[in-house]
Structure formats: C-alpha cells, structure tokens
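Asks: First, the structure itself, so that you have it in front of you.
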Amino acid sequence: MKITTKVLIIGSGPAGLSAAIYTARAALKPILINGMQPGGQLTITTDVENYPGFAETVQGPWLMEQMYMQAKNVGTEIVSDYVEKVDLSKRPFKVFTGAGNEYDAESIIICTGAEAKWLGIASEQKFRGFGVSACATCDGFFFKNQEIVVVGGGNSAVEEALYLTNHANKVTIVHRRDSFRAEKILQDRLFKNSKISVIWDHVVDEIVGSNKPKSVTGVKIQNVHTKEISLLNCSGVFIAIGHAPNTGLFTGQIVMDDDNYIITKSGTTRTSVEGVFAAGDVQDKIYRQAVTAAGTGCMAALEAEKFLNK
C-alpha cells in the first residue's frame with residue numbers, strides 16, 4: 001500500500017516521540033514508524049533518575065509509554081513496522097517497510113538512534129540493567145562507594161572510568177591490549193587518579209552474580225596470552241567499547257562522519273538532504289542522553305514545520 005504524508009518520523013525513542021508531539025501539535029499529521037525496538041534504549045533501562053520533571057525514580061519503559069501515549073493523544077499515527085529501504089534522491093522521499101508499505105513523505109525526521117556495542121556473552125545479557133550497563137552518566141549513581149569494572153581502552157572507556165570515580169570507591173579498567181587508544185590528555189588524567197587501576201592484556205570471560213536479588217558480584221577475566229582465568233570482585237560492570245549509530249539505511253544517500261553518525265548543520269538538525277532532519281543519538285556521539293535526544297527531536301519538528309511552510 002502507498003501512503004502519503006507531510007512528515008514521516010523513523011524511530012520511537014525520546015527523539016522520535018518528541019518530534020511526533022511537536023509536529024502533531026502543528027497539525028502536520030505525522031506518521032511515526034516505531035522500528036524494531038519500539039521506545040529505543042530507554043525500554044531496556046530500569047531506573048531513570050535524571051529526566052527532568054520526576055522527583056522520584058521512574059522506570060525507563062514506563063517513561064517511554066507516557067511519551068508514546070502523549071504522542072498518540074495529540075494526533076500522531078504510530079505504525080508498528082520497520083523500515084527496510086529509503087530513497088532520498090528526490091521529494092517526495094520514499095520509504096519502504098517490512099510490512100510491504102511504501103510511504104511518500106514531503107519531509108523525514110530520522111530518529112533511529114545508536115546502540116552500545118556489547119561483548120556478546122550470555123552473562124552480559126543476563127545482568128544487563130542489573131549491574132551491567134553501557135552508560136556511566138545514566139547508572140553510575142547506583143554504585144556509590146562500591147567497586148566497579150570498566151571494559152574497554154578507547155576514549156569512551158577512559159571517560160567513563162574518570163566519571164565513575166565521582167561515585168565508586170574503586171574503578172578497575174580491563175583492557176585486552178597493553179596500552180590505551182584514548183587521547184593522551186585523558187590517559188594522563190586517568191593515571192593520576194588514585195581510584196583507578198588497570199588490568200592489561202585481559203578480556204572478560206564471564207560476568208558472575210546472584211539471582212536473588214539479581215545483581216553482579218564479579219567478573220571472570222582471561223589473560224589473552226596465558227589463557228589463565230581469574231576472578232575480579234565488583235558490583236557493577238560498564239561496557240565501554242563504543243557505540244554504533246543505526247544509519248545503515250542511509251549509507252550513500254546522506255552525509256555522515258567517519259563513525260557513520262549523520263552530520264547535521266551546526267546548531268540545527270538539518271542534514272545534507274533538504275527536507276531530511278536527524279535527531280537524537282543518530283547524530284549525537286557526545287551526550288547521548290534521553291533529555292538531549294528529546295530536545296533535538298523538538299528542534300527537528302520545528303525545523304520540519306518551517307521547511308514545509310516555505
């Protein structure tokens with residue numbers, strides 16, 4: 001089936017739903033395709049304490065449900081489907097979905113987000129949200145005066161470790177190589193911090209913990225040379241081996257940086273294609289917060305409205 005719309009929003013995290021709320025209130029009758037993971041990364045986040053407007057801790061899935069209902073109540077058409085292919089060569093832009101529909105859109109707001117890269121071991125999945133995290137800013141507070149392990153060796157790992165010293169008693173970085181890839185200035189700060197220690201030439205073999213209540217108690221790490229396995233006690237494990245934006249759909253059609261994040265014009269959400277906007281983590285490799293994603297979703301909506309009214 002072919003469907004036409006003034007505004008098509010791809011993605012249903014804080015950026016996409018914020019864009020939907022604003023475009024719906026502007027009477028643009030947006031259609032939002034919610035994607036393979038409706039609600040985005042917050043749907044796998046347990047406690048949220050840093051989203052403005054809530055004096056008490058809220059659950060990530062609950063917060064996304066509220067945004068979803070708000071977007072729907074103001075007139076957004078939300079479609080349970082996912083995008084398989086796009087054609088941004090001319091307007092109206094064409095978007096093809098898994099359900100076999102074709103959407104012809106006068107403007108598109110891309111909110112497909114980014115995903116943390118994970119180790120890919122079963123125990124990591126088991127304890128995700130119960131001691132295993134990929135966001136120190138989001139979850140560091142829960143490990144006050146505890147011992148934490150950070151996995152990685154680039155800028156992300158060093159920055160996460162430095163941040164976590166604001167909360168933890170001790171932070172141990174486990175890195176598979178014998179040196180960091182992080183910037184020299186970050187390494188200097190790390191080595192001067194008495195709360196941080198480094199275990200070189202090791203990888204995480206298994207994350208261990210308790211089921212009642214579900215919580216992390218340590219990690220088994222393996223020496224990459226000797227294959228010897230040892231146990232490192234900790235209460236939390238932060239995976240910091242990078243993020244990957246969900247931009248594969250747009251390769252070759254829109255300008256991206258070397259890490260495949262969509263490039264937007266400074267201070268805006270405008271992309272290299274007129275009429276196509278990008279909001280949230282898909283164009284933000286620095287902050288990656290729910291509140292900043294929602295903010296750029298609002299920006300994209302206002303810019304799309306202005307574009308359509310030209």
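Any Cβ shown, glycine's included, is placed from N, Cα and C.
Reproduced below are the annotations present in Swiss-Prot:
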BINDING   34-41, 281-290  FAD binding site
DISULFID  Cys135-Cys138  disulfide bond
Asks: Would you identify which of the binding-site residues Asn34, Gln37 has the most other C-beta atoms lying within 10 angstroms of its C-beta?
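Replies: Sorting the candidates by Cβ neighbours within 10 Å, the top entry is Asn34.
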Asks: Which number gives the other C-beta atoms within 10 angstroms of the C-beta of Gly40 (FAD binding site), all protein chains shown included?
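Replies: Neighbour count, Cβ to Cβ under the 10 Å cut-off: 30.
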Asks: Tell me which of the binding-site residues Asn34, Gln37, Gly40, Val282, Arg288 ends up closest to Cys138 (disulfide bond) in space, Cα to Cα.
Replies: Arg288
Asks: Compute the C-alpha separation of Arg288 (FAD binding site) from Cys135 (disulfide bond), stating it in Å without decimals.
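Replies: So the Cα of Cys135 (disulfide bond) lies 9 Å away from that of Arg288 (FAD binding site).
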Asks: How big is the gap, in Å, between the Cα of Lys285 (FAD binding site) and that of Cys135 (disulfide bond), rounded to a whole number?
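Replies: Cα to Cα, Lys285 (FAD binding site) and Cys135 (disulfide bond) are separated by 13 Å.
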Asks: Give me the non-local Cβ neighbours of Val282 (FAD binding site): same chain, 6+ apart in sequence, Cβ-Cβ under 8 Å, ordered along the sequence.
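Replies: Sequence-distant Cβ neighbours: Gly11, Ala15, Ile110, Cys111, Thr112, Gly113, Ala114, Pro245, Asn246, Thr247, Tyr261, Ile262.
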Asks: For the disulfide-bonded residues Cys135, Cys138, which one has the sparsest Cβ surroundings, going by other Cβ atoms within 10 Å?
Replies: Cys135
Asks: Which of Lys285, Arg288 (the binding-site residues) has the most other Cβ atoms within 10 Å?
Replies: Arg288
Asks: DSSP on Gln37 (FAD binding site), three-state: which is it?
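Replies: The residue in question, Gln37 (FAD binding site), is coil (DSSP, three-state).
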Asks: Report, in whole Å, the straight Cα-to-Cα distance of Cys135 (disulfide bond) from Asn34 (FAD binding site).
Replies: 23
Asks: Distance check, please: Cα of Gly40 (FAD binding site) against Cα of Cys135 (disulfide bond), rounded to an integer number of angstrom.
Replies: 14
